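For reference, the structure discussed in these notes is given below.
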Amino acid sequence: MLLNVLREQLVRDSAQESLAQLAGAETAAAALPAGAEPPQRALSPARAQQTHAGAERPRAPDRQGADEPQAVQAPAAGRDGGRGRAQGSGHEGEQQERERGKEQAPTQDQRPTQEQQSRQEQQPAQDQRPTQDRQRTQEREPTQERKPTQEREPTQEPGDGREQERQQEEQVRQRAQALARQVAQDAAARAAAAAAKAVLDRQRREQERAAREAAEEARSARKDVLRRQLAERRALDAEQARLAQEEALRKAAQARAAAAQAAARRERAGPAAPAGAQLPQAAQLPQAAQLPQAAQPPQATQPLEAAQPPRPRISGPDRATAPAAPADPAAGATHAAPVSAAQAVPAARAQAAAAAAAAPAPRPPPAILRDAFADGAGNGPDLVPLPPGRFQMGASDQEHRTAMAAGSRPGWLARELPRHWVGVERPVALGRFPVTVDEWRMFARATGWRPSGEVDWEAPGFVQAGRHPVVGVNWFDAVAYTCWLSTATGRRYRLPSEAEWEYACRAGTRTAFSCGDTIDTGQANYDGSFTYNGGPRGEFRRGTTPVDAFPANPWGLCDMHGNVWEWVQDAVHDNYEGAPADGSAWEAGGAAGGDPARRILRGGSWLYNPRYLRSALRNGFSAALSNDIVGFRVAREL
C-alpha cells in the first residue's frame, strides 16, 4: 500500500514535470522567426531507412491550437513554391488519414495565398509573441522552475516515453528505500528509548537497595555506639548502685530499730485506767486513717485496759517489723488489777504520750517486704503490700479530652472504656521497683536462660547498670522469672493483673498521673521533647535510668510512670466490656474473647511522650517479642 502511494506521488510529480517541459517547448517554438523550423536532432540509421526518401516527418500539432499553425508549418526562406506545395500536399494527406473526419485542408492553389496572408497578418505580432508566451507560461506554472530538456540518446526516438517510465520507477524505488530507512530509524529510536528506560529503572532499583542498605548500616552503627556508651556507663554506675543498696539496707535497719523502740516504750508505760474511764480530750490518739491498715489502734473513745506485753506480728527473716497490734480488751480484763481514778488519769496520759510518739508521720514510709532465698544465696525483690480497696478503672471524659488535645488517637482511648468499679480485696504485694539487671542476672545464671530476641539485655544499645530495669525480655521470660522466684523463696510470685497494676499506680488518686494532671521529666523518665496538659518540656535521656532515680508514688512504688513498659498477666482485649470486677487477671478464651498471643503493657517508657504515661493507658504487644523499652515487675500473694 505504501508503494502505491509513492507511485501515485511520483506519477503526479512526473506529470507536472512533463507539463513544464511542454510549456517550455511551446515557448521556444513561439520564439522562432517566421518561416523557421525547429531544430531536430540527427536520426539514427535505422530510423532514416524508415523515412521516405526526400520526405520530411510531419511535425506534431502545436498545443496552442489553431492560433499559430501557419507559423510553425511555414516553409523555410529561399525554397521554391512547388516544393512547398508538394510538402504541403503530403502533410495534408497524412492529416486526413489520422484524423478521419476533420475538416479538409485548403487546395494547393489556395494554400500559398493563405500562408502569405497569415504570414502578413502575424508579422507585426512576431516581436511580441515571445514575451506573451513567457507570461502565459509563468501564469500557468508560477512556482515551478523551468527544467532543461533532457538530452535524448542517439538511439531514442523523439517522444519516446520508456526513459521517463524508467526514471519514474527509479524514483519510486529510491523513495521506497528512503521510507524503509526512515522506518528502520524510527524502530531503532523506539528500541533505544525502551532500553534507556530499562536502564533507568534498573538504576532506580539499585539506588533504593543501596539506600536500604545504608539505613541498615546506620542502625547497626547506632547500636554499636550505644553499646559502647553502655559499657562506659556501667563502670560509672556500679559504685552508685552499691551505695544505693547499702542505703536501702540502712533505712530498713533504722525502721526495724524504731519499731522495737516503740514496742519497748509501750511495755514501760504505766498502769492503764480502769474500765469505763476515758482519755482526756487533749490526749486522744491519732485518727486511724493516718495509720497503716494492719496497725490501726482502738478509737480514743474506747476504754483503755491495764497494760500488758504487746503481741508482735510474726514476719519473715528480712521483713520490716510493722507496728504492734493493740492489746486484746478481753485478755486485759482478766489480768488487770483494779486502780483508782486518781491513778488512772496520769497513767492514761503517759500511755497516750507513748502512743503519740510511736505513731507514724502523716505519710509514713511503706512497709517493705523482702523474701530470703531458701538456700541463703540471696534475697528476692523489695515488695510493697497493697491496702485492699476499690477504685474506678479507666479514664474520665475530661481526661480523654485532654489526651486528645495532646495527640492521643480515639482508638487508643476506646481501650480505656467503659470506666468501671473494681475491688482489689485479695492481699497482694507489688514489687517496689521493676526487676533490675542485677536481679535478672541471678535468674540467668541459676537457670542458664538465653535471650530469644534481637535485643541483648546486658547491652541493649544504651548505658545501663545493675540498678537499671532489665529490658530485652518477652512475656514468657517474665513468667519464667516469677516461677523461678517462687521456687527460690517458697512464696507464690506471679505477674500482677492489669487491675492490680492500675490500682497500685493510682495509689488512691483520680488524676491522669499519681502526681497530678500533668507531669515533668523531674518526676519520670520519658521523652521530654513533648508536653502534656501544659506541662514543661524537659530532657530526653535516650535510655533507661536507675529504678530509684525518681520520687515514689503515694504508696511507695517507683517508676510506675515511664522508664520501661511493664508486662502484666492479662491478654489483650479491645475494651473493658466483660472485664472482671474483682481485680483478677482477664485471660483470653471462650466468651471473654481476647487475643492470647498478645499481652497488656502498662506505664509508658523512656522513648514515649508523656500522654502514654497516664495511669489509665493500655497498650498491647506480642507476648513472644522483646525490645529495649519493655520490662516488668512482680507481684506476690500474701
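Note that Cβ sites are derived from N, Cα and C of the backbone, with glycine treated the same way.
Listed in TrEMBL for this protein:
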COMPBIAS  26-40  compositional bias 'Low complexity'
REGION    26-184  region 'Disordered'
COMPBIAS  54-66  compositional bias 'Basic and acidic residues'
COMPBIAS  91-103  compositional bias 'Basic and acidic residues'
COMPBIAS  104-129  compositional bias 'Low complexity'
COMPBIAS  130-173  compositional bias 'Basic and acidic residues'
COMPBIAS  174-184  compositional bias 'Low complexity'
REGION    200-225  region 'Disordered'
REGION    247-338  region 'Disordered'
COMPBIAS  251-263  compositional bias 'Low complexity'
COMPBIAS  270-308  compositional bias 'Low complexity'
COMPBIAS  320-338  compositional bias 'Low complexity'
REGION    356-382  region 'Disordered'
DOMAIN    380-636  domain 'Sulfatase-modifying factor enzyme-like'
Six or more residues out from either end of the region 'Disordered' (200-225), which same-chain residues have a Cβ under 8 Å from its Cβ atoms?
461
Over the domain 'Sulfatase-modifying factor enzyme-like' (380-636), what does the predicted model average in pLDDT?
94
Per DSSP, how many helix, strand and coil residues does the compositional bias 'Low complexity' (174-184) have?
11 helix, 0 strand, 0 coil
